[in-house]
Amino acid sequence: MASNEVLVLRGTLEGHNGWVTSLATSAGQPNLLLSASRDKTLISWKLTGDDQKFGVPVRSFKGHSHIVQDCTLTADGAYALSASWDKTLRLWDVATGETYQRFVGHKSDVMSVDIDKKASMIISGSRDKTIKVWTIKGQCLATLLGHNDWVSQVRVVPNEKADDDSVTIISAGNDKMVKAWNLNQFQIEADFIGHNSNINTLTASPDGTLIASAGKDGEIMLWNLAAKKAMYTLSAQDEVFSLAFSPNRYWLAAATATGIKVFSLDPQYLVDDLRPEFAGYSKAAEPHAVSLAWSADGQTLFAGYTDNVIRVWQVMTAN
């Protein structure tokens, strides 16, 4: 891992009329980026890598009647899922932008969505304090109770073991708790206790061994999933809105209220602190990133901002 690597701002993607709340990429379609926004839409982008325009919008996904808070893609990039404050989820055909399925059952804003690698189970987390498990056809298989405040994020833990069919998911909430659940039995596996404030975001490492979680107090906690215990804490020094593990380096990116911090985890150091220039804003009112996604090859970091713009960084070797 070269310690002289830095991230360079390569371009922007503009098309949303509200905060860019979520971003998704897929290994199956490396030139596809999906974004979700407070403008109630999602946009699929074709990534060109051009210096003038890093990508172009392909289509807008319309149907939600309120803010779209989260989105994800199936591994092959053929289908998209979205979670909205209109209390529903949607499954979309990426090629056409048509809604394939609606998921109705949550009693409040749906904050988060994810899907397992076999595309057989969809999970959602809501301000109604529940996590729901769905089939791809929209049937609710289970409602998981355990959080006693808003569920802010849910994620499927990557499982690379070919002979292991178990599905573990993780969740975080405003109750300051991180939880792990076994989806084969729909049971809670572990509580991870240590945060002192609302948790906005959590994510699992690509090999499924680590969880990172963070929120209002700026403390990023790293957890060992198998041992069910805390490992160490990184200080982001500002509220954290999104976390993303690099797919091919021991890096963790954190979108904070003042910039995007990219941490190396082994050895531990700050790789970069991404703070683009914002013309025409006072320091206090500067936009900040609220969503992150790495490209599947780990060379590009996408960030969605509160000025409705997606900014694109590429990993470069510093001379």
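Using the three backbone atoms N, Cα and C, a Cβ is placed for every residue, glycine included.
Here is what Swiss-Prot says about this protein:
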{"type": "CROSSLNK", "residues": "LYS46", "note": "ubiquitin cross-link"}
{"type": "CROSSLNK", "residues": "LYS53", "note": "ubiquitin cross-link"}
{"type": "CROSSLNK", "residues": "LYS107", "note": "ubiquitin cross-link"}
{"type": "CROSSLNK", "residues": "LYS137", "note": "ubiquitin cross-link"}
{"type": "CROSSLNK", "residues": "LYS161", "note": "ubiquitin cross-link"}
{"type": "MOD_RES", "residues": "ALA2", "note": "N-acetylalanine"}
{"type": "MOD_RES", "residues": "THR96", "note": "phosphothreonine"}
{"type": "MOD_RES", "residues": "THR168", "note": "phosphothreonine"}
{"type": "REPEAT", "residues": "15-55", "note": "repeat 'WD 1'"}
{"type": "REPEAT", "residues": "63-102", "note": "repeat 'WD 2'"}
{"type": "REPEAT", "residues": "105-145", "note": "repeat 'WD 3'"}
{"type": "REPEAT", "residues": "147-191", "note": "repeat 'WD 4'"}
{"type": "REPEAT", "residues": "194-233", "note": "repeat 'WD 5'"}
{"type": "REPEAT", "residues": "284-319", "note": "repeat 'WD 7'"}
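Structure coloured by features recorded in Swiss-Prot.
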residue	record	DSSP (3 states)
LYS46	ubiquitin cross-link	strand
LYS53	ubiquitin cross-link	coil
THR96	phosphothreonine	coil
LYS107	ubiquitin cross-link	coil
LYS137	ubiquitin cross-link	coil
LYS161	ubiquitin cross-link	coil
THR168	phosphothreonine	strand
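Comparing C-alpha positions, THR96 (phosphothreonine) sits nearest to LYS137 among the recorded sites LYS53, LYS107, LYS137, LYS161.
When Cα-Cα distances from LYS137 (ubiquitin cross-link) are compared across the recorded sites LYS53, LYS107, LYS161, the shortest belongs to LYS107. With every protein chain in view, the residue among the modified residues THR96, THR168 whose Cβ has the most Cβ partners within 10 Å turns out to be THR168. Beyond the repeat 'WD 3' (105-145), the same-chain residues lying 6 or more positions past its ends with a Cβ under 8 Å from any Cβ of the stretch are 66-67, 69-72, 74-75, 79, 81-85, 87-89, 91, 151-156, 158-159, 167, 169, 171, 173, 181, 183, 186, 188. If you look at the repeat 'WD 1' (15-55), the same-chain residues 6 or more away from its ends with a CB under 8 A from one of its CBs are 61-62, 64-78, 80, 82, 84, 92, 94, 97, 290-297, 302-306, 308-310, 312. Under 8 Å from some Cβ of the repeat 'WD 2' (63-102) lie the Cβ atoms of residues 18, 21-29, 32, 34-38, 40-42, 44, 108-115, 117, 119, 122, 124-126, 134, 136-138, 153, all in the same chain and six or more residues away from its ends. With DSSP classes pooled into helix, strand and coil, the tally for the repeat 'WD 5' (194-233) is 0 helix, 23 strand, 17 coil. Cα separation, LYS46 (ubiquitin cross-link) to LYS53 (ubiquitin cross-link), rounded: 10 Å. In the repeat 'WD 2' (63-102), the DSSP tally of helix, strand and coil residues is 0 helix, 22 strand, 18 coil. Long-range Cβ proximity for LYS107 (ubiquitin cross-link), meaning a same-chain Cβ under 8 A and a gap of 6 or more residues, is found for LYS87, SER126, ASP128.
When averaged over the repeat 'WD 1' (15-55), pLDDT in the model lands at 95.
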